[in-house]
């Protein structure tokens, strides 16, 4: 470096006419620095800024490059048509308005915590809202008054679902998100009535859209699949094959096909692991396959097989058809333009002016960038919010919604609601003013349970003028486990803080170490051979289960079988220990009995063997379940 400095000075000395600024600039350059306002900026820093700028420009170019909107337009058409079918079917064939939006209590008293004061319109207005929503979906489908149609459908469909929390469904959540994406994108610049009208009027309109319009839809569908696979990565789904073992074994064609391939005793396990493993692998891989040009055709075949199976097995409405329709947005626009039925609508089919032939790289405005960043961030983080709550989300259900946790659990709940007036005896509440959908949702949603219990307390105060406590004797069976306590029966839910971050009145799940699932399967099979059914219960040591059996019903022969741990049955004042593996005949005359549990293990397990259906058995116990509700 000293030699370089000497060379600069020598040049200046031998050529006095050399401008001093030139010499200084040469010196600064050879020293590897450019002085600016008394400071120095290294060339590496300049290069880093240039590299960063180039990278930013590269991302911007990728997001804003013009693409043919044909695939988005076709998806818009299919989605809007599916929403018309969804709404019209709900109104005309499923009696949704009569069942969910009448003028008495249950219709709109279940609310989301973030929408507690949603206005409840009269039933006549509700009819109009549904039909207006269907019209908006139709306009969205044909691409007429596109922006107004997408805004009105987004608002009305969201409002319909906010009116009643019992209507929550991951599918409806996806529909809301997709309608929002339609609102902020230009999916009407092709294959739409708006586009045809603009051409007829000779009005110049855009025939391409920025690529981010397409990418944001692909991102949303990828999230739906991928986070669904993450939710399936749990002990029951991977290790036990549940609840697929329970669900698909009941499908006779699947069971008969499996019996042709494997021995009968292995059929439930083979069916369970086949569908659980296949479902997990499908959700995990399908997003990547749809994004890959190499594996995309195979991905299309798999999506059709997967969603058609769901349609015929679970009867889940329009969702399978909407998801099959999303395949179109993963087809490259250039490829879609070659499909005969779509060729005339493709961008390449139009003559282009010289201005249109020039590729323009625009920039996303800052508000739009912020909106997209917030949207993408929320979709990536919200599904993990259940980690903020203690316990397994599949047991507590806290953080379960808006997280793509779809079709994960087989649940049974038995419930006895106990109301004790301030100066009176405790009574069993039986007049549930709920429809079947609300009952099914409430018994698996802690927030809705608390809303209903506090409603009962308010109703008692209004009718009698005195307060009353409301307690729940509530037992839950998760994925073919025994029923175990889900709600602390000693807690008066009318005094519980509704806005608490975590509901401490939920009982923790008992460990599986107390269970022998193969033994439970053996007991069920043996009970079937004797014309009976087995209902399993479990409780921690020191627990007491007080229940009854009403005489004169269809359950005339009920015995209690001790499966594990210390089980003692109390009938009136007589305490009878029941050794493991032996049965205790409950009195045919009915009456109350108590089951007391003890031992050194984490839990004791017992089974009721009854000669009636589960619904009749729960009814005889003066407990409510979905089986007894449907009697």
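Cβ atoms here come from the backbone N, Cα and C positions, even for glycine.
From a predicted model like this one, the values you see are computed outputs, not experimental measurements.
Features reported for this protein in TrEMBL:
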REGION    1-53  region 'Disordered'
DOMAIN    64-335  domain 'HTTM-like'
TRANSMEM  70-92  transmembrane segment
TRANSMEM  127-160  transmembrane segment
TRANSMEM  172-191  transmembrane segment
TRANSMEM  211-230  transmembrane segment
TRANSMEM  270-292  transmembrane segment
TRANSMEM  312-331  transmembrane segment
TRANSMEM  368-388  transmembrane segment
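Panel annotation: around the transmembrane segment (211-230), residues 62-67, 69, 71-72, 75, 174, 177-178, 181, 185-187, 280, 282-284, 286-287, 290-291, 323, 326, 329-330, 333, 364, 372, 375-376, 379-380, 383, 403-406 of the same chain, lying at least six beyond its termini, place a Cβ under 8 Å from a Cβ of the stretch. Remark: the transmembrane segment (172-191) makes no contact with the transmembrane segment (270-292), by the rule of 3 or more CB pairs under 8 A. Comparing 70-92, 270-292, 368-388 for CB pairs under 8 angstroms to the transmembrane segment (312-331), the maximum falls on 70-92.
In the predicted structure, the domain 'HTTM-like' (64-335) carries a mean pLDDT of 91.
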